[in-house]
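Just below is one structure, and these are the notes that go with it.
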């Protein structure tokens, strides 16, 4: 082999190796979820069986926890998107005196680790009598994703041309109507991206509901799945794998949808020309 | 995009149809109204807890006993205790080891290598490898923990592979717990660095590389003399961001090793949790969280300094 071809081939070999390494930990979950007799060892199932999925999904506790997970994450995403869109409007359109320090503070908040404040958040929830409240947890999750959501939404809004809004004002629309009827529809891809992003974060969040919610019947999927692991996981590996897979599917689908939105991009150029 | 935004802002300000003062007044009022929902949420649930951290860290608050009823101000007692607490020192060391090996070295270097090798490869091939790496990122932390619990188990996937080349099974989670959580976190987080470096590498001017090739620079020289210096800014920013993300990792370690065996994987978040919710020492737990928060605040300030954003 010449040096040239070697230089061409090596990256492919290294990348293929890394790809396999990254795939390996997932294989166990994939194989075991379809195998009712799964153990902790990696084993290709003899027949593909849906038994694990059926029994996980038939369980009332699991059903409820998945629904609560959807309720928490969806509610959180909606609150975040509405609050972030409203906040982004003056930040994107007006020149305000304290805009710069405000935006810098928002940016600063995006990178603070939420884990660090969970102990005082628990105390705050006791003080506000919000402990064990799904609504309180939802509001906290919304607040923790707000800084990032505001930042993203503002950038998306900056890309919406002002001319479109102005023509709506000339036709007699108020600012709020203009935002609702002109800006928001154009920002739907951006708002969906923010919603998907924050939904995924809340859906996968274990620590926050684990700390803030105590009643077993209020726990979302992220916590139930952990308890399942402690109670049956060591015995019923197949079910644990199936539950994990069911729980992982929403983030995967949402991620793929958001990629769609991102690649389509924002083509506002044509709207102002006509 | 940025330039357009600037134009928008200026454009709006120039088109003043009302008397100037009245317009300004309405504008400010409207801004406050629009910012109100977001700001009130942030004040109660974000700024509030941060301020409370500073307050509670100086109290003897507890979940049980007399201190649960009446909170007392104890000054620097929690911090004096913290600095003499050998377990705290262990946690600091564990946190640094975890941060350095899983974030700074592991995710960054691996993400960079992936991005570099994927450049100029076949598109389908790129997509397949990219998707496998991203799968680790999209997987929720708790599931990452299960996947690695099985992967690193004595009868798990890794040992099956190692046995085929003649290496005896190792109980990774007990023998090398820190290595185990580091590997799991690298698997989970690398995609982020890979994406950052992919876009950074795409922005390296082609002309620079070409000029270097003409001058006869080797691949290695081009990497060290051109690529890395050009994307240095992104490397540093990514490093701060990944460090901040890793500092907050709780679920992965908690579900995989529970901080053990012993204290071998007890990073600051785990120690904070144990003190506050297992030993019921909320005051002391908050003091630990304040320590974490201060590290976070310093790193975050560094991060926005490095970004040099125009707002």
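Note that Cβ sites are derived from N, Cα and C of the backbone, with glycine treated the same way.
What TrEMBL lists as domain 'ABC transmembrane type-1' is B:93-303.
Annotated transmembrane segment per TrEMBL: B:32-58 (among others), in sequence order. Panel annotation: around the transmembrane segment (B:32-58), residues 71, 73-76, 78-79, 282-283, 286-287, 289-290, 293 of the same chain, lying at least six beyond its termini, place a Cβ under 8 Å from a Cβ of the stretch.
Sequence annotations record features per position, and here TrEMBL assigns transmembrane segment to B:92-117 (among others). Sequence-distant contacts of the transmembrane segment (B:92-117) (same chain, six or more residues past either end, CB-CB distance under 8 Å): 129, 133, 178, 181-182, 185-186, 189-198, 200-201, 223, 227, 235, 238-239, 242-243, 245-247, 249, 253, 263-268.
Long-range contacts of the transmembrane segment (B:129-152) within the same chain, counting only residues at least 6 positions beyond its ends with a Cβ under 8 Å from a Cβ of the stretch, are 114, 118, 158, 172-173, 180, 183-184, 187-192, 194, 249, 251-252, 254-256. According to TrEMBL, the transmembrane segment annotation covers B:129-152 (among others).
Among the features that TrEMBL reports, transmembrane segment is placed at B:172-197 (among others). Through the fold, the transmembrane segment (B:172-197) approaches residues 94, 97-98, 101-103, 106-108, 110-112, 114-116, 118, 130, 133-134, 136-137, 139, 141, 144-145, 148-149, 152-154, 156, 158-159, 231, 234-235, 238, 242, 245-246, 249, 252-253, 256-257, 260-261, 264-265 of its own chain, all at least 6 residues removed from its boundaries and within a Cβ separation under 8 Å.
If one looks beyond the transmembrane segment (B:235-256) by at least 6 residues along the same chain, the residues whose Cβ comes under 8 Å of a Cβ in the stretch are 95, 98-99, 102-104, 107-108, 111-112, 141-142, 144-146, 148-149, 173, 180-181, 184-185, 188-189, 192-193, 196-197, 200, 228, 265, 267-270, 273, 292, 295-296, 299-300, 302-303, 306-307. What TrEMBL records for B:235-256 (among others) is transmembrane segment.
TrEMBL lists B:282-304 (among others) with the feature transmembrane segment.
Counting residues 6+ beyond its ends, the transmembrane segment (B:282-304) has Cβ neighbours under 8 Å at 50, 52-54, 56-63, 67, 71, 74, 78-79, 81-82, 88, 91, 237, 240-241, 243-244, 247-248, 268-269, 271-273, 275-276 in the same chain.
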